[in-house]
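Below is one structure, written out as structure tokens; the observations come after it.
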Amino acid sequence: MDYFYGPGRNHLFVPGPVNIPEQVIRAMNRNNEDYRSPAVPALTKTLLEDVKKVFKTTSGTPFMIPTTGTGAWESALTNTLSPGDRIVSFLIGQFSLLWIDQQQRLNFNVDVVESDWGQGANLDVLASKIAEDKEHTIKAICIVHNETATGVTNNLATVRKILDHYQHPALFLVDGVSSICALDFRMDEWGIDVALTGSQKALSLPTGMGIICASPKALEATKTAKSVRVFFDWNDYLKFYKMGTYWPYTPSIQLLYGLRAALDLIFEEGLDNVIARHGRLAKATRLAVEAWGLKNCTQKEEWFSDTVTAVVVPPYIDSSEIVKRAWKRYNLSLGLGLNKVAGKVFRIGHLGNLNEVRLLCYMFLH
């Protein structure tokens, strides 16, 4: 897209990166510090304790790695699995596709369960595969909780019920990049073994921190996992956790202070209230789309996402032209359609640092 200067503040309505609260920006406006000084380990300790709260876990071990969600994916896979291990993974949109591509390039045996874009993961197929797997050849289930390309949210509780029903020991790995801190997410209750998110999504920080949380079962799996890992090796972190210095390499000091401020804001509002706010904004967006005479890409209400809505345009319109017009005329950033839905949908992000008034202003622009 050609650059075009637009006066006034940019209106950011993509499903990540999101608007950053002023309190977080101010918290990050600081000089570098020695991460081996007493101050940074003390800060890190509180962050590790509080990050567990947004995953809703008491037993998980968190890792805050200087990376993106893509790096967090790799960390989750390589610390728990070995090349050749069989994985069941669900292809429902662009980001699940990219994770599957990574799984295949890391030489795992990926059993892909594909659905039409706009549908959720086919959990009936999962149940059949788990029921048939008497020898427990399936080592992990990998699922994207919230597929931002199509605005689809998957039912994680049902995945856990399937595994428990058949007493299957497969690891349960979840991409929660655009769901954690915005959608209902219960790591302990749903028996999730590895969950991950990115700082630029509902945490409302700049890009640059991948946050992973591992269950005791996942940590045990690291002892036998043979995948090559260096930068993403959890064992390096665990060694420094025991030493009380926490960091095997240099972290972003500014992001750590930003995370402290972001978590404080979430806890001040209340995590359940944050989730409820996302539900209200999402419902308002879907009603507006309906009033415009357009359709939601998500094919069933049970899959509706509360962090992003993918809007289907009429076949005679190229959705990328809508995104360009929004940018040029209103200094408004909307999400493009990706891959199979390129030119067919545009995406409205409604997650993170957003309230009713700001969303209403966007609706008026339409």
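Cβ coordinates come from backbone N, Cα and C, glycine included.
Feature annotation from TrEMBL assigns domain 'Aminotransferase class V' to 12-297.
Feature annotation from TrEMBL assigns N6-(pyridoxal phosphate)lysine to LYS201. Note: LYS201 (N6-(pyridoxal phosphate)lysine) has non-local neighbours PRO15, GLY16, PRO17, VAL18, GLY69, VAL177, SER178, ILE180, CYS181, ALA182, THR307, LEU351, GLY352, i.e. same-chain residues 6+ apart with C-beta under 8 A of its own C-beta.
Same-chain residues at least 6 positions away in sequence with a Cβ under 8 Å from that of ARG347 (substrate binding site) are, in sequence order, VAL14, PRO15, THR148, ALA149, GLY151, VAL308, THR309, ALA310, VAL311, LEU334, GLY335, LEU336, GLY337. Sequence annotations record features per position, and here TrEMBL assigns substrate binding site to ARG347.
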